[in-house]
Amino acid sequence: MYNNVGAQPGVPRPPTNNQPNPFGNSFYGAGSGLIKGGLGAYGEKILGSSSEYVQSNISRYFSDPQYYFQVNDHYVRNKLKVVLFPFLHRGHWTRITEPVGGRLSYKPPIYDINAPDLYIPFMAFGTYVVLAGLSLGLNGKFSPEALNWLFVKGLLGWFMQVMLLKMSLLSLGGGEAPLLDIVAYAGYAFTGLCFAVLGKITWRYSYYFLMPWTCLCMGIFLVKTMKRVLFAEVRSYDSSKQHYMLLFIALAQFPLFMWLGNITVNWLF
């Protein structure tokens, strides 16, 4: 009431209670600090575990792409010998490991002949497309559309090879191999295809010898490689089932190579 009337002369004004609460701000600051600290720690825990989970799965299935391009001339020459003449490889087929960050990691291709790389598959695929276009040109059938179809056909064959290897490993319980490893192993098929197509360009009848030879060599290489992957990852498996699946992988190379090696403008063959 006195506040509304205002100050009157000679009339004492009742004192107002404006003393601050000595505990309010401290309780508020402490409470907000605890809440913020708790939420921050909880959020960091969630985000940290989520990022670790994502990174572990990415490295588990895709690995580091730069790893597959650490090659030199010595590695490329020896790797081509292993792919094209696998029965002459007298060394072991297991990969070399090294401790990195407290855990074992595989050495890059430049230090390990058995490590997969993507340099040779990509170069072989590009060479295959160029040789296929040259073969069409020599036969008077070259066109941009035909070359585009051969490029798509090569990618489709590569994808089919990847699916064959991946499904084979999954059926045997060894599906933990990184995806880029499987892509690299499947892409080595174009090295043999390049020699077969080149033989067909230089001397037509050499194709009928080179094509079965490259199919057989690729089948042996994949059997040796997939057996190493299975032994490294599968703890319990059916031996007879494994042998049949490896035999199926080797035999599947023949129709796949024949289809990719048939350089025509036909979309089916």
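Yeah, the Cβs are placed from backbone N, Cα and C, and that goes for glycine too.
Those TrEMBL annotations? Automatic predictions, nothing curated.
Per TrEMBL, the feature region 'Disordered' maps to 1-23.
Note on the transmembrane segment (118-140): residues 65, 68-69, 71, 76, 79-80, 83, 109, 146-147, 150-151, 154, 158, 180, 183-184, 186-188, 190-191, 193-194, 197-198, 200-201, 260, 263, 265 of its chain, located 6 or more positions outside it, place their CB under 8 angstroms from a CB of the stretch. Look at TrEMBL and you will find 118-140 (among others) tagged as transmembrane segment.
The transmembrane segment annotation in TrEMBL covers 146-165 (among others).
Annotation comment: TrEMBL describes 177-199 (among others) as transmembrane segment.
The annotation transmembrane segment is assigned in TrEMBL to 205-223 (among others).
Residues or ranges marked as transmembrane segment by TrEMBL: 244-268 (among others).
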*Close approaches to the transmembrane segment (177-199) from elsewhere in its chain (Cβ under 8 angstroms; 6 or more beyond its ends)*: 60-63, 65, 68, 80, 83-84, 116-118, 120-122, 124-125, 127-128, 131-132, 135, 154, 157-158, 161-162, 164-166, 169, 206-207, 209-211, 213-215, 217-218, 221-222, 225-226, 229, 233, 253, 256-257, 260-261, 263
